[in-house]
Amino acid sequence: MHALQAKILDPRLGSEFPLPAYATPGSAGLDLRALLKEDTILEPGQTVLIPTGLSIYIGDPGLAAVILPRSGLGHKHGIVLGNLVGLIDSDYQGELMVSCWNRGNTPFTIAVGERIAQLVLVPVVQAHFEIVEAFDESQRGAGGFGHSGSH
């Protein structure tokens, strides 16, 4: 398991609410919680930025983190991430914030301490552009959206 530096920014984290943890041995994501001052009602179409009370420092440029939605919130309640995926670069050290968007038709209450997203570490490969006049041919070529076939 990889060590990840973290700072607790809200004293309720680790006392009133557990630190982010994997739910099962096979879980890929650490659950992030809404460290709000009070329950927040998210109206249909509304987006709100939710603090997690936590900052991390990955440090290794070969890694990044992504903040992803929790599947149940999106499927059952229409609550998804306002930016769809949050990318945390290895050199970022600020608080992890979660943009929550209510794409549903009814108001939804985000409770203080509720699990609202998950954090997943991913490998990163940095590249540089090699400018060429032409590409080696491939079977697909420049075929775009829908080019590889339907269902």
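We number each residue from 1, going along the chain as drawn.
Keep in mind that glycine also has a Cβ here, set from the backbone N, Cα and C atoms.
As annotated by Swiss-Prot, substrate binding site applies to R70, S71, G72, N83, L87, I88, D89, M97. A simple way to gauge crowding: the CB of G72 (substrate binding site) has 10 other CB atoms within 10 angstroms, across all the protein chains here.
Of all residue pairs in R70, S71, G72, N83, L87, I88, D89, M97, the annotated binders of substrate, the farthest apart have Cα atoms separated by 26 Å. A C-beta separation below 8 Å, combined with a sequence spacing of at least six in one chain, links M97 (substrate binding site) to L49, I50, P51, T52, G86.
For L87 (substrate binding site), the same-chain residues lying six or more positions away in sequence with a CB closer than 8 A to its CB are A64, A65, V66, I67.
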